[in-house]
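As given in TrEMBL:
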BINDING   GLY27, LEU28, ASP29, CYS30, ALA31, GLY32, LYS33, THR34, GLY79, ASN135, LYS136, GLN137, ASP138  GTP binding site
BINDING   THR34, THR51  Mg(2+) binding site
Amino acid sequence: MGNGLSDHHSLLSCLPSFQALHIVILGLDCAGKTTVLYRLRFNEFVNTVPTKGFNTEKIKVSLRGSRQTASFHFWDVGGQEKLRPLWRSYTRCADGIVFVVDSVDTERIEEAKTELHKITRLAENQGVPVLVVANKQDLRNSLSLADMESLLALGELSAATPWHLQPTCAIIGEGLQEGLQKLHAMIMKRRKMLRQQKRKR
């Protein structure tokens, strides 16, 4: 888990908790981003095609250990190389980032690492919690979580960036709920610290 939080404020970081959280889903093309989105939205597998621009859905998620739900406004942005310069426009006001990685695509894990570190190092994204979704963990030749953490150099992310690595199988939805609960907890912790910092000024 990342440690420490940034002084940087996202535009939505101090909104009341009943507002939908602005979450951006990023990752290389074919990692399973849109499959994640529609599994969450419809609770079923939806056959998808590569996203040319973006998909967006508002989804309520139950929080473990309580009767409360959290509202997430997801933006699933295309992962083709020519679309990646646009990611910054979507993350500018983000409360959290979901970065989806194909656990089987070992040839592009270095590329995924580069894009993950690039987007989290932007000044406006400092401190924004990141849920790294290790997708396709159901497949026999998928990388282990330990290997993914090492190959993605998650320990080298900024100390201000909280992160969580979640094993998932987006097709059946396994692990997604748990991952979102972790992301929600990181976002709420960040908001609390930002409020405390504001009071001290």
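These residue numbers are counts, starting from 1, taken along the chain as shown.
Placement of Cβ uses the backbone N, Cα and C atoms for every residue, glycine included.
Spacing of GLY79 (GTP binding site) relative to THR51 (Mg(2+) binding site) is 7 Å (Cα to Cα, whole number). Least crowded of the binding-site residues (THR34, THR51), judged by neighbouring Cβ atoms within 10 Å of its own Cβ: THR51. If you draw a 10 Å sphere around the CB of ASP138 (GTP binding site), it holds 16 other CB atoms from the protein chains shown. The CA atom of THR51 (Mg(2+) binding site) is located 11 Å away from the CA atom of ALA31 (GTP binding site). Taking the binding-site residues LYS33, LYS136 in turn, the residue surrounded by the fewest other Cβ atoms inside 10 Å of its Cβ turns out to be LYS136. Separating the Cα atoms of GLY27 (GTP binding site) and THR34 (Mg(2+) binding site) is a whole-number distance of 10 Å. The Cβ of GLY79 (GTP binding site) has 23 neighbouring Cβ atoms from other residues within 10 Å, across all protein chains displayed.
Long-range Cβ proximity for ALA31 (GTP binding site), meaning a same-chain Cβ under 8 A and a gap of 6 or more residues, is found for GLY79, VAL100, VAL101, ASP102, ASP105, ALA112, ASN135. Across the structure, THR34 (Mg(2+) binding site) and LYS136 (GTP binding site) place their CA atoms 13 angstrom apart. Looking at GLY27, ASP29, the binding-site residues in this record, the fewest other C-beta atoms within 10 angstroms of the C-beta turn up around ASP29.
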